[in-house]
Amino acid sequence: MKKVIMLLLIFALFAYALSASDPNKCLKKGSKCVSVGKPCCKPATCNIYANRCIGW
């Protein structure tokens, strides 16, 4: 039973790592962001006037 739980935990962590590293999930700092349909990667935010992801 412990082995099954451990395998499920490892599978869940692996799936989370793959989903977190998806390059199409968010826009990098400096990317055009208005009317793209994707959010800027944290901690950047979309500046509507500059049409760019800006931030720290």
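Quick reminder: no glycine exception, Cβ is built from N, Cα and C everywhere.
A disulfide bond in Swiss-Prot ties Cys33 to one cysteine from Cys41, Cys46, and that cysteine is Cys46. Cross-referencing Cys26, Cys40 with Swiss-Prot gives Cys40 as the cysteine bonded to Cys53, criterion being a recorded disulfide.
DSSP assigns Cys46 (disulfide bond) to a strand. Looking only at the disulfide-bonded residues Cys26, Cys46, the densest Cβ neighbourhood within 10 Å occurs at Cys46. Using a 10 Å radius centred on the Cβ of Cys33 (disulfide bond) and all shown protein chains, the other Cβ atoms total 22.
With all protein chains in the displayed structure included, the most crowded Cβ environment within 10 Å among the disulfide-bonded residues Cys40, Cys41 is that of Cys40. Residue environment of Cys53 (disulfide bond) contains 22 other Cβ atoms, counted within 10 Å of its Cβ in all protein chains.
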